[in-house]
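Quick one: structure below, then a few questions.
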There are 6 protein chains.
Amino acid sequence: MTSRRHYIFPTLLLSTILLSPTHAADFCVADLTTQTTSGYTCKNPTNVTADDFVFTALVHSGNTSNTNKASAVPGFVQQFPGLNGLGLAVARADIEPGGAIPLHSHPAATEMIYVAEGSITAGFISGASNVVYVKKLNKGEVMVFPRGLFHFQVNTGKEHAVGIASFSDSEPGVQLVSLAIFGNDFPSFLVEKTTSIDEAEVKKLKALLGGSG
Amino acid sequence: MTSRRHYIFPTLLLSTILLSPTHAADFCVADLTTQTTSGYTCKNPTNVTADDFVFTALVHSGNTSNTNKASAVPGFVQQFPGLNGLGLAVARADIEPGGAIPLHSHPAATEMIYVAEGSITAGFISGASNVVYVKKLNKGEVMVFPRGLFHFQVNTGKEHAVGIASFSDSEPGVQLVSLAIFGNDFPSFLVEKTTSIDEAEVKKLKALLGGSG
Amino acid sequence: MTSRRHYIFPTLLLSTILLSPTHAADFCVADLTTQTTSGYTCKNPTNVTADDFVFTALVHSGNTSNTNKASAVPGFVQQFPGLNGLGLAVARADIEPGGAIPLHSHPAATEMIYVAEGSITAGFISGASNVVYVKKLNKGEVMVFPRGLFHFQVNTGKEHAVGIASFSDSEPGVQLVSLAIFGNDFPSFLVEKTTSIDEAEVKKLKALLGGSG
Amino acid sequence: MTSRRHYIFPTLLLSTILLSPTHAADFCVADLTTQTTSGYTCKNPTNVTADDFVFTALVHSGNTSNTNKASAVPGFVQQFPGLNGLGLAVARADIEPGGAIPLHSHPAATEMIYVAEGSITAGFISGASNVVYVKKLNKGEVMVFPRGLFHFQVNTGKEHAVGIASFSDSEPGVQLVSLAIFGNDFPSFLVEKTTSIDEAEVKKLKALLGGSG
Amino acid sequence: MTSRRHYIFPTLLLSTILLSPTHAADFCVADLTTQTTSGYTCKNPTNVTADDFVFTALVHSGNTSNTNKASAVPGFVQQFPGLNGLGLAVARADIEPGGAIPLHSHPAATEMIYVAEGSITAGFISGASNVVYVKKLNKGEVMVFPRGLFHFQVNTGKEHAVGIASFSDSEPGVQLVSLAIFGNDFPSFLVEKTTSIDEAEVKKLKALLGGSG
Amino acid sequence: MTSRRHYIFPTLLLSTILLSPTHAADFCVADLTTQTTSGYTCKNPTNVTADDFVFTALVHSGNTSNTNKASAVPGFVQQFPGLNGLGLAVARADIEPGGAIPLHSHPAATEMIYVAEGSITAGFISGASNVVYVKKLNKGEVMVFPRGLFHFQVNTGKEHAVGIASFSDSEPGVQLVSLAIFGNDFPSFLVEKTTSIDEAEVKKLKALLGGSG
């Protein structure tokens with residue numbers, strides 16, 4: 001067919017660029033066995049399917065039957081390997097009335113939360129000025145928490161609340177303030193000296209949060 | 001009070017670092033009057049409030065009374081200046097049954113979509129292999145579209161669908177395939193020569209999409 | 001010899017820094033067997049020679065005996081492993097009179113073209129404003145196509161034209177508009193819905209460009 | 001002189017590149033009046049002198065006559081504008097026996113400390129595993145605290161200790177754990193809910209650290 | 001017209017994203033009056049034309065009537081403002097037989113040279129191993145010089161040679177070894193002490209290259 | 001215990017994020033056997049201890065019994081694997097009176113030096129303007145040398161001097177001007193042609209610095 005021959009050029013023209021089955025510059029689905037300074041090495045692209053780019057674990061809430069009355073389900077590169085190197089991660093937070101996602105920071109990422117259900121009172125603390133920026137967010141509103149700064153989400157409303165968080169790195173990391181101080185073997189005399197929290201409170205919180213030392 | 005004097009140190013100790021009212025290393029709310037290669041210059045931090053970090057325009061759907069039966073409401077740095085330099089942007093897509101967000105790419109960002117209501121059939125096309133990765137996403141599912149690649153979202157279901165998209169840059173940019181080709185004064189003979197689409201179709205689409213030339 | 005002892009210091013002084021045969025911070029010639037989010041792991045530097053930094057495939061034109069009357073020879077990291085991690089790639093385009101490099105984008109890189117022979121009419125389309133920037137380039141002129149945006153090169157002159165393109169990443173990627181839409185199994189009803197191109201034209205182009213579905 | 005003419009070439013040859021008095025690609029001494037997402041705009045290079053690249057404020061200790069028995073003198077871009085955009089900052093910490101630099105993080109930088117005098121017990125807490133890495137450092141030893149993670153320095157020895165810290169960004173930022181929680185108007189009920197620290201302790205620490213609410 | 005109304009959607013749908021005349025996320029043509037750590041602030045995009053993306057100064061050779069028998073014409077951001085922030089720069093080198101582009105480095109960029117005419121013997125020196133990688137390049141061949149390393153180009157052939165260089169940054173910078181040492185007021189005793197070049201040679205080269213002190 | 005159950009939430013709440021023994025997003029201690037474009041792959045975090053973040057080799061001076069009367073002890077990623085990917089490196093320089101760290105550059109990093117003992121006359125040369133910025137630094141003073149530019153340190157005082165250098169990359173690299181030109185097999189005729197240094201001096205320096213050719 002003349003016209004077919006006429007238009008077949010792109011395959012010919014670009015055959016040296018395209019259709020290379022052994023590598024894909026477009027994405028790098030993580031092979032979680034080898035970590036690098038900027039993520040993981042890539043899974044062979046010939047084994048990649050659409051499912052590698054889809055994450056289904058946020059469909060359901062995590063278990064909020066804990067004192068915090070809250071749950072967090074992460075979709076970071078370890079859970080969602082298709083994100084490797086793409087500069088994004090995701091998580092779902094469920095908070096019952098009176099519950100809270102504790103004060104924490106993400107060492108490597110900015111977080112942005114979208115309120116999918118209910119309302120969430122959220123805030124962060126500036127390092128430069130020590131100002132606390134707090135706002136009650138209603139359904140459909142979005143708040144951003146700049147990278148590395150302490151922030152929190154609390155349900156001060158009367159309904160179950162759901163937040164969908166996105167992050168500016170596929171490995172945002174997380175550091176929970178109280179768990180980092182009281183939930184390990186950080187020696188109590190160092191905790192006291194470096195936080196001004198008194199001995200009795202340190203011991204009590206270590207007992208409560210599973211810490212020792 | 002002795003103990004107050006006892007604990008007052010951090011203010012003294014770090015007063016040279018903290019409490020600098022004229023600059024804030026933590027964030028850089030955009031002053032939209034001066035653009036740089038990586039965003040905008042910063043608004044004076046003394047004028048920044050919690051509202052600068054909150055975006056409310058996604059509460060409601062855009063107008064879907066168009067042939068595409070879809071709307072997109074962006075929360076990029078131009079609409080949400082608090083994102084400046086933080087590596088994230090957001091958008092809300094509403095798609096009626098049978099509607100579509102047309103084929104497009106974001107030159108500067110990866111996109112990730114969370115299905116907040118209904119279901120969305122979404123996909124992207126690899127540049128390296130020309131493979132099309134398509135998946136029907138149900139409520140609560142997430143799909144990622146690697147940076148720069150063509151992708152689309154279609155509502156093949158029977159309910160109104162809402163997607164919340166996040167992006168890996170506060171200025172993701174957007175390039176709509178058909179609008180870029182047919183919705184401007186891109187000379188028709190160049191369109192034909194560089195796309196293989198024939199003259200009659202080019203003329204028809206230019207007429208439909210507002211193009212000339 | 002006294003003076004030799006006198007000046008021998010740098011070898012002594014810096015022997016712990018220099019002359020480490022097992023690693024080279026200066027470059028990272030790709031070992032194409034393991035890909036990471038930012039290129040490939042490095043070939044052992046003791047096996048590296050000057051030839052690793054030289055690329056000879058651009059000496060000759062590719063085959064322009066196709067309807068497009070054009071050829072493209074890439075020197076990306078997969079063809080030229082010495083570029084790995086160095087932020088550059090190269091390609092040679094040959095275009096006969098009336099020929100064209102089809103409309104395409106590079107998801108990960110800016111392109112800059114130098115006209116080595118003949119003349120080339122080139123252009124790109126802004127995503128932000130939808131403006132088409134087109135210019136006829138004579139021998140020795142250079143044009144830049146910002147990262148991720150659609151662009152093209154056409155020979156509207158009467159001589160064979162040669163362009164030497166450089167890119168801002170060793171893996172620029174490439175996405176050809178028509179091939180991405182019509183040269184694979186992208187379902188026709190999704191093509192129509194997401195591009196506004198009508199059914200007959202979609203079928204015709206799929207047939208011509210090797211697509212199905 | 002023949003030979004002078006003979007060798008004068010570089011000035012001629014490169015006169016279009018070099019000797020441009022109105023801009024300097026090499027450095028960008030901060031003009032602190034305009035902040036961008038990645039530092040500050042540049043001071044006119046014709047007004048730059050060697051003094052712009054030298055910082056003398058670390059010659060002396062800060063005042064350690066406070067309960068913390070410690071001082072910190074920063075050399076960040078705001079104090080040392082020559083660092084703008086160069087990816088480094090510096091600080092001097094002095095700690096008396098029994099004193100401490102409180103638990104803190106740098107949202108935007110890794111820190112590395114060199115013990116210039118005495119000994120310092122230092123540590124950081126992993127976010128991923130909650131492990132505390134602690135070590136007593138003697139004079140001349142160096143420890144690194146990865147970006148964004150909580151860390152501290154304590155003088156458990158008997159001599160005055162001096163640490164010279166360097167940072168991987170000219171604006172590392174700083175967030176002191178106790179000051180961020182108790183030294184501002186962060187509402188007490190939110191502190192309790194998001195840290196598990198009990199009401200009495202929160203009130204006591206707010207009183208001590210100058211907080212309210 | 002029904003069909004026109006039928007297809008007009010993209011303008012409606014995306015009107016909040018597109019067609020913003022006051023900013024353009026796609027590019028940032030330099031306004032050379034204000035420099036930042038990563039380039040320059042942007043010219044108003046409404047004043048941008050296709051000419052901003054085209055550079056014509058490489059059409060002709062620079063003047064090679066100097067002892068070096070060579071010329072270099074740069075197309076860095078200062079000469080070609082459209083490159084601002086796009087990660088590329090360009091230059092043309094002309095070298096007569098027996099001529100040379102002197103030993104130099106680019107502090108901020110990798111260089112890649114394409115031989116457009118004649119032949120060029122080029123090379124660079126590894127910092128890690130002190131190995132010299134040298135190669136004679138014929139017309140159409142490409143060599144890469146990794147960022148920051150000393151390199152040179154010499155015409156050891158019998159024809160005029162032309163090289164087109166591209167760089168991985170729009171401000172690659174340049175540091176010529178001999179000019180940096182001998183072409184300014186770098187005190188001779190410091191030159192001798194830090195290079196091992198003896199006093200007589202230092203004085204001779206300072207005289208030849210316009211230096212003093 | 002009721003209250004323990006009451007506070008045990010963070011472990012429950014965040015158990016999917018934290019306590020993953022097989023990966024650590026916080027740091028990436030180098031496994032020196034596999035190099036990538038941005039460092040090395042990571043050692044298994046379960047084998048990481050506090051010692052991986054501590055570097056003790058700077059406690060003592062290197063050997064200054066050489067003509068340069070100087071020594072340099074590096075703490076780059078190859079010597080201090082805990083720095084991998086963290087954007088910092090360190091080194092100790094000892095310089096006897098009359099000694100010097102020769103003119104050199106770091107292809108991949110800015111350097112900042114803190115004078116720990118004695119005094120050091122240091123300087124760097126701008127590429128853009130060819131200006132030499134020199135300053136005598138006393139104990140406690142800091143100077144910064146922008147990335148990629150030639151710089152040096154000389155002891156013009158009467159006491160032993162110690163400098164602690166930090167760098168903006170864990171692999172700063174180093175290129176010593178005289179050693180790069182005269183300490184290898186860089187052919188003499190190319191040295192002469194590309195540096196203007198005359199034949200006799202080139203031969204003398206090659207003999208002194210161990211070069212050939």
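A Cβ is built for glycine as well, from the same backbone N, Cα and C atoms used for every other residue.
Remember, TrEMBL labels are computer predictions, not curated facts.
Grabbed the feature section from TrEMBL, which reads as follows:
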SIGNAL    E:1-24  signal peptide
DISULFID  E:CYS28-E:CYS42  disulfide bond
DOMAIN    E:56-203  domain 'Cupin type-1'
BINDING   E:HIS106, E:GLU111  oxalate binding site
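Tell me what's around each of these sites.
Its Cβ taken as reference, E:CYS28 (disulfide bond) is surrounded by 28 other Cβ atoms within 10 Å in the chains shown. Under the three-state DSSP scheme, E:CYS28 (disulfide bond) falls in the coil class.
Helix, strand and coil counts under DSSP for the domain 'Cupin type-1' (E:56-203) come to 22 helix, 55 strand, 71 coil.
Using a 10 Å Cβ-Cβ cutoff, E:GLU111 (oxalate binding site) registers 28 neighbours.
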Express the distance between the Cα positions of E:GLU111 (oxalate binding site) and E:CYS28 (disulfide bond) as a whole number of Å.
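So the alpha carbons of E:GLU111 (oxalate binding site) and E:CYS28 (disulfide bond) sit roughly 23 Å from each other.
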Between the recorded positions E:CYS42, E:HIS106, where is the Cβ count within 10 Å the lowest?
E:CYS42
Looking only at C-alpha atoms, tell me how far E:HIS106 (oxalate binding site) is from E:CYS28 (disulfide bond), rounded to the nearest Å.
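About 23 Å separates the two Cα atoms.
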I'd like to know which recorded positions lie near chain B: of E:CYS28, E:CYS42, E:HIS106, E:GLU111, which have a CB under 8 A from one of its CB atoms?
E:CYS28, E:CYS42
